[in-house]
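Annotated features in TrEMBL:
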{"type": "DOMAIN", "residues": "89-193", "note": "domain 'Calponin-homology (CH)'"}
{"type": "DOMAIN", "residues": "202-308", "note": "domain 'Calponin-homology (CH)'"}
{"type": "COILED", "residues": "323-350", "note": "coiled coil"}
{"type": "COILED", "residues": "488-522", "note": "coiled coil"}
{"type": "DOMAIN", "residues": "804-839", "note": "domain 'EF-hand'"}
Amino acid sequence: MAGSRCQLLLGGRDPASRCFPLACLHARESKGLLHLLYTVHNAPVCCRLQAGWHHRERFSQSGGSVCINQQETLDIISAVTDAFCSPSPPSLQTFTAWCNSHLRKAGTQIENIEEDFRDGLKLMLLLEVISGERLAKPERGKMRVHKISNVNKALDFIAGKGVKLVSIGAEEIVDGNAKMTLGMIWTIILRFAIQDISVEETSAKEGLLLWCQRKTAPYKNVNIQNFHISWKDGLGFCALIHRHRPELIDYGKLRKDDPMTNLNTAFDVAEKYLDIPKMLDAEDIVGTARPDEKAIMTYVSSFYHAFSGAQKAETAANRICKVLAVNQENEQLMEDYEKLASDLLEWIRRTIPWLENRMPENTMQAMQQKLEDFRDYRRLHKPPKVQEKCQLEINFNTLQTKLRLSNRPAFMPSEGKMVSDINNGWGNLEGAEKGYEEWLLNEIRRLERLDHLAEKFRQKAAIHEAWTEGKEKMLQKHDFETASLSEIKALLKKHEAFESDLAAHQDRVEQIAAIAQELNELDYYDSPSVNARCQRICDQWDALGALTQKRSEALQRTEKLLETIDQLYLEFAKRAAPFNNWMEGAMEDLQDTFIVHTIEEIQGLSTAHEQFKATLPDADKERQAILGIHNEIAKIVQTYHVNMAGTNPYTTINPQEVNAKWDKVRQLVPQRDQALIEEHARQQNNERLRRQFANQANVIGPWIQTKMEEIGRISMEMHGTLEDQLTHLRQYEKSIVNYKPKIDQLEGDHQLIQEALIFDNKHTNYTMEHIRVGWEQLLTTIARTINEIENQVLTRDAKGITQEQLNEYRASFNHFDRDHSGTLGAEEFKACLISLGFDIANDAQGENEFSRIMSIVDPNRMGIVTFQGFIDFMSRETTDTDTADQVTASFKVLAGDKNYILADELLRELPPDQAEYCMARMAPYTGPDAVPGALDYMSFSTALYGESDL
């Protein structure tokens, strides 16, 4: 067997024989063979094998190799065979000590491993001790056949444990074959001491090595990489003991350069305090270049079994790591929610004052700019915030689901940052937004009205001021004192005509005052100048009235002295003045600007204009009559050769002025016709825009309402699996998003309507605000419904709920959801639980139990239960999750059954980041058995599950 193994080690050079040529073996290849043998068998091959290198002086400088003759090669192979066929002393000593450590439990031991197992009796006894099972009754005879029978019983028992015994037979053991006996003992050690060792699904040897690496990781001067040279300095054994029993070894006093002391210390302490027999010899380990791997593994496995109780602590640490990782993730989600909620509320807080600002602007341009800013807000600034609000609700629901799945209490945001607070703030925002838009439109209307009134005021004031120019001076003349009787009478008649003219201007003055009053009521920005001008006109009007009265009294006193007056002049003046005033009023009306918003209003103006044109023939007759009076005067003057000094003394109006104003009126009439025609065309275009908007709005509005109802039905029905419903909803969401271009087209039509200053639309009940709100609600509803289904999938997968259970829960929920609102009231939820088999009695105890259940499914105390909360409660009732008691028990294992835990213990058993997390949040322990630095892990464990404050 050794020969075949040697041939295998030498194979790989000659393709035909797979062996080295015996005639010439290069030095580097021979040295490689020796190194391999040295590594595998744990000891030098043979001293004479080393002596074979005395021919190295024949090393060729040019070829880099040395030839070894055939005899030297045979010497090497012989040495290899001896090395593999001879049991090493460390293994023999270790195996003997290992066997005795178990046989002593049965009150016996062995002295010579090669001889004492030959009869099979102690071998069977050893197997019974280490397996805890009874073997077949042994043969007590001394004959060879009895011994072979006993050994076969032992080998059959080993084979029955799934161990393949290759080339090991009872005859070799009975004959005292040391190689076979040691091979059998090593097989027993592997099966009963090492095979069951497994760390993170590794093999037995790898598991034992990984266990050693983990336990010695905190010790910087220990580096366990194998089961031979890594243990030569003895620090690895000391580190294993110190890690589990630090009071047994003062590790700080050990030195790496003193391996003998380290090894003997570890062996003595293990034998005295850990009941681990001394299986190794310190001198053999230190004096051997590569200690025996089997011996080291056997001895280290004894430490593993001695400290197997510490594995519980490692399991406890893993549980704590898992719980802390979940808690850290949830805390990060809470911080993200708080930040997003704070940012959104801050944006709402900044935006509402802007929308509530009702400080009007003085000009139409400034108000139009405000309207444009508001449109930018609706198109650019608000939509992202709508998405943030929707995402915030989705994050909140997902966080609550994860908290429920990990058996944590529901998340309660900071004061003022609840979802309801955000919804209230959003409602206030939309309320201010709606009022702001109405105010903008009203302000634009007001400024439009103000501009019209201000222009009208200026026109009337200018006409009146032109009329009153020089009137005060005229009324203050004393010409009647030196005038003749005829001149006095003329002055009197002239004054009467002036009084008539003055009375005719009274309406204009009252109109000017009324317009000024309306400008004040509408808060016109230039009201002070308007008021000052109006006051001057009124004061002047009062002065004219007083002067007129004073002159009239003077003329009346003089009238008795005056008898002659020219009736024709007087009649001309009396008829020309009203007609002149009518023409001025007509010119003013024909030049007056107008504002209309409907076709009916422009048709009314056109009708009034036609009625005015119908009066023109009669007015022309009056003009001819007035001109006839003037012609009669001229005829009399010409006929009677009257010497007239100057013009008509009773009026300043002359026929030329009458004709000029009449021509002006005739000229303004067709201009007014054209203006009315253009306005009529504009109103027709506005009507087209109204109908165009209404046709689309009357389709989009019902479509949105239908989709909202369909989404509600989908969320209530149970067609297919949750994944099918989720796929259906996402396809539905995609079809809704694809409808967005029609909304944008409607926005464009709405903008055209606003630019045309159209303020009402009788063809539809839908406004753009209705469409916007409906569209936003539709997008939010589909997103929220998809999130609910995703949370149901998350709950189902985490809790192991079947599709049939979900269907049963949904059917029960829908049955008691009478109003199809997607939620259950308290009484509906109670009836649903009773229908599912919950025992809720109609007494005080039943009410308390139901109140406890409601606090779980409705942590915000809104009085309703959602389907997601219903599923979470049902899954909680049917599945097992980590609890505060389990985490407390895990900490107690780490603390060594103490009521407190120390920072060093946390750092030793937990990863550094989670150990720091615990130390930062654990309160100091204040019990009677407290020591300096003691931490209270019990209150910390309950705080993780919301049973106390963290």
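The backbone N, Cα and C atoms fix where each Cβ goes, glycine too.
With DSSP states grouped into helix (H, G, I), strand (E, B) and coil, the domain 'Calponin-homology (CH)' (202-308) comes out at 64 helix, 0 strand, 43 coil.
Long-range contacts of the coiled coil (488-522) within the same chain, counting only residues at least 6 positions beyond its ends with a Cβ under 8 Å from a Cβ of the stretch, are 446, 449-450, 453-454, 456-457, 460-461, 463-464, 467, 471, 474-475, 479-480, 530-531, 533-534, 537-538, 541, 544-545, 548, 551-552, 555-556, 558-559, 561-566, 569-570, 573-574, 577-578, 581, 649-651.
Secondary structure by DSSP for the domain 'Calponin-homology (CH)' (89-193): 67 helix, 0 strand, 38 coil. Taking H, G and I as helix, E and B as strand and the rest as coil, DSSP gives the domain 'EF-hand' (804-839) the counts 23 helix, 3 strand, 10 coil.
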